[in-house]
């Protein structure tokens with residue numbers, strides 16, 4: 001009998017699904033990836049067909065399991081997923097009653113604005129660490145219950161189940177035996193109290209969501225059950241689950257207070273470990289649970305950028321400026337600067353610290369001398385500028401005391417971007433050998449549950465730096481560029497947008 005010496009990680013993202021098998025040394029032994037369709041039925045609406053997701057989960061998992069020699073080598077399975085995206089399904093059939101509403105979906109902006117006008121945001125923020133924004137799951141659940149025929153009655157009768165993508169996949173993998181989620185996914189719904197660490201009755205009432213819909217909430221490393229034997233040839237223990245950005249905290253080994261990571265995928269999400277006590281931001285950053293292992297909870301401050309890699313995808317699929325994402329590196333390096341061109345990629349509004357769902361994208365500073373390369377470079381630069389805004393907000397909150405940022409995700413492989421980011425932040429940027437840190441974090445959580453790794457110290461020992469980028473830009477030039485960025489952002493903000501203390505009204509020279 002083969003030794004169970006590997007962990008299978010399922011990484012279900014916004015635009016693709018990946019399965020990766022890791023060995024005990026945290027090296028990837030097999031990888032399979034599938035992109036799936038996005039659905040945009042109306043302006044600002046974004047949906048996923050969960051059958052597409054389920055099909056790709058099975059296909060990629062089976063391919064990687066076969067590549068390493070079969071299920072007998074898999075000690076456990078871990079799941080990480082796009083957060084906030086919500087699905088409601090029939091408990092009897094396991095079929096969704098509607099396409100999943102994706103985290104990028106803005107259809108409930110009006111409902112969130114009404115609650116804000118009623119003075120409800122302070123209560124929501126105190127309990128959840130989140131803002132009243134359609135980004136989060138609660139208003140999406142309410143929309144589904146109110147717009148799918150008979151859904152609310154069926155939900156109250158206990159006929160339906162709701163959950164983020166991890167919860168739906170767990171239900172399918174276990175053949176409907178487990179309706180559970182982990183604490184990091186739960187805390188992104190706007191229904192979960194991060195202090196009591198329970199579903200909150202006042203929040204359930206505010207959003208009109210029946211408690212019967214919601215899953216059990218577990219530690220990130222837990223016994224989540226087993227897969228059905230028919231799926232992969234034998235049963236596989238499911239030992240870990242985490243939302244993608246929290247899984248990346250684990251994969252980047254940011255286990256100590258003050259450590260920070262930024263993941264550049266479809267969006268960019270920066271999490272700063274704040275230790276065992278939550279810190280409430282004065283700059284409209286989010287307070288969230290980083291992870292809970294063995295009943296011990298660590299918190300984080302989070303800044304969310306809605307468009308990072310999605311902007312590169314838009315350059316490829318929308319503008320047809322490139323045919324592959326890697327071309328942006330070459331385009332950026334062959335010109336000395338962006339020639340005064342700025343792009344604000346507010347395609348689905350702006351995230352932290354502005355939280356303006358109604359702002360829209362902007363390209364400014366165009367002249368007859370502007371080229372495709374200037375636009376591509378401006379897109380890359382915009383992600384670094386937005387990261388600067390997040391770090392500045394964290395520093396003003398008194399939480400950011402380190403001068404090192406660990407990066408991962410698809411954009412992290414772009415050397416030009418990593419160097420520009422370091423210069424903008426005036427901080428060292430560390431890139432690990434393994435940039436698949438989201439999947440790796442899910443693998444670590446599952447491996448900790450079954451004993452493949454014995455402790456977080458053992459996990460930390462596997463983290464290896466591939467390269468460190470140090471600031472190189474002239475300080476005066478840096479200030480000019482950041483001031484230009486903030487001028488561009490001002491043009492996109494709607495008059496009603498809430499203003500963070502760390503707003504664009506503060507010049508870069510004052511904040512740098």
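Backbone N, Cα and C define each Cβ position, glycine as well.
The shown structure was predicted, so the numbers you read here are calculated from the model rather than taken from an experiment.
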Additional site residue, 135, 291, 299 [criterion: listed by Swiss-Prot with 83, 84, 244, 245 for glycerol]:
135
What does Swiss-Prot list, out of 266, 367, 371, as binding the same ATP as 14, 15, 16, 309, 410?
266
Taking 83, 84, 135, 244, 245 as the record's glycerol-binding set, what's the max Cα pairwise distance in Å, rounded to a whole number?
15
From the centroid of the CB atoms of 14, 83, 84, 135, 244, the recorded sn-glycerol 3-phosphate site, which same-chain residues not already listed sit within 8 A by their CB, in sequence order?
82, 85, 102, 103, 188, 243, 245, 267
Winner by Cβ contact number (other Cβ atoms within 10 Å) across the binding-site residues 14, 15, 245, 414:
245
Applying the rule Cβ within 8 Å of the centroid of the Cβ atoms of 83, 84, 135, 244, 245, what extra residues of the same chain belong around the glycerol site?
82, 85, 103, 188, 243, 269, 304
Using a 10 Å radius around each Cβ and all protein chains in view, which of these binding-site residues has the most neighbours: 16, 266?
266
Given a separation of at least six residues and a C-beta threshold under 8 Å, show me what packs close to residue 309 (ADP binding site) in the same chain.
264, 265, 266, 267, 325, 409, 410, 411
